[in-house]
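Everything on this sheet refers to the single structure shown next.
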Amino acid sequence: MEELDALLEELERSTLQDSDEYSNPAPLPLDQHSRKETNLDETSEILSIQDNTSPLPAQLVYTTNIQELNVYSEAQEPKESPPPSKTSAAAQLDELMAHLTEMQAKVAVRADAGKKHLPDKQDHKASLDSMLGGLEQELQDLGIATVPKGHCASCQKPIAGKVIHALGQSWHPEHFVCTHCKEEIGSSPFFERSGLAYCPNDYHQLFSPRCAYCAAPILDKVLTAMNQTWHPEHFFCSHCGEVFGAEGFHEKDKKPYCRKDFLAMFSPKCGGCNRPVLENYLSAMDTVWHPECFVCGDCFTSFSTGSFFELDGRPFCELHYHHRRGTLCHGCGQPITGRCISAMGYKFHPEHFVCAFCLTQLSKGIFREQNDKTYCQPCFNKLFPL
C-alpha cells in the first residue's frame, strides 16, 4: 500500500512539471517500487476508524474537581472493505505492474531521444493523464480508494490508506498520538482535554486529583476532606488507623481522628475519674469534673452547699478537711474555726478544754494530765494523791 501511495504522489508531481522539464525529461523511479511478496489482503486493506460523536465524561463517578470539559473517548475498531478474490486480484495487480513497467520504458526512450526530438507538451500531459486514469481505474477495480480520505491534522498530507477520525479531525494512524508521551493511540481509549488527546496513564498523571496520603492519582472514587482529596481507603484515623464511618471525624493539627481517639487524646479530663468530659461538667480548682465525681475525697459526699475545702489538689468537706489538718476539737470532735488551745498533742475549743472530773474550764491554761485526760490541780490532788 505504501508503494502505491508513493507511486501516486510521483505521478501527480509529474503532471505538474513545467516546460523546462520537457527539455530534459527524467525517467520515473519505478524501479524503486518493485512488487513485493505480500498477501493481497494486506495490499488491499482499507481501514476507517470512526470517532464517537458524544464522548463519555472523563471521570465517571465520585469526582469533585475534574472539570467537565475533560472527555473520555474511544475510537471504534477498524473496519476493512471486503477484499476481492485472491486469484483475480493477483492477476489484476500483475497486469497493473506490467503496465507501469511498460510506461517506464517509454519514458526512458523519450529521455534518450530528448536532444533530437522534444515531445509536444500537450502530448506528454495527455500521456500522463491517460496513465493516471488507467491506474486509478485499475486501483478501483482492486477495491483500493484513489480519492484521499482527508488531510492528516498532524502532517497536513492527504490520507489514502488507513484513517482515524477523532476530535473532529482525520489522522494517519501513526500520527494520532498522546500529546504528552507521543505514543500511538490508534483505536485505544483516550482522554480529551482542551482539544488534545491523552493516553489514560498520562491523563491521570497530569490532571487527576492526587491522594493526600499516598500522592498517587485518584482514578475512581474520591473523598474530599480538610481541603484535600483522598482515596476512600486512605482517609483513616491518624491514631488507630480505622477508616471513618458514619460518625465522621475530628481534626486536630491538620490530622483526622475518630471520635473515640480524639476525645481520649484531646478532650479535657475529669479531675476525679480522669475520663473525658463530654457534656455537663463542673469547673473547680483549675480543672473540670463530672458532677458525680466532684465529692469529698474521704466520705465521697457531694457538696450540697456548694462550698468545699481544698487540700493537696483534692476537695474535702469541712469535717474531713479539718480532720486531715488536725484541727478538730479533741473535746467535741468538731472543726475549730477560731481560737484554739493546744495540749497533749491535740487542739481544743477554749470552752471545751475543761477538767475531766469537775468540768471546770481550764481558762488559765494550767492543768494536770493523767491517762490522756486533763484535770485541774485540786481534782488531780484528790483523785491521785501521792
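Glycine is treated like the rest: Cβ placed from N, Cα and C.
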| message | Looking at Y62, Y203, Y321, Y346, which residue has the phosphotyrosine feature per Swiss-Prot? | response | Y62
| request: Annotation phosphotyrosine in Swiss-Prot: match it to one of Y22, Y257, please. | output: Y22
| request: Write down the residue from S14, S19, S85 that Swiss-Prot flags as phosphoserine. | output: S19
| task | Run through the domain 'LIM zinc-binding 3' (268-326) and tell me, per DSSP, how many residues are helix, strand and coil. | result | 11 helix, 17 strand, 31 coil
| note | Whole-number mean pLDDT, the motif 'LD motif 3' (92-103), equals 62
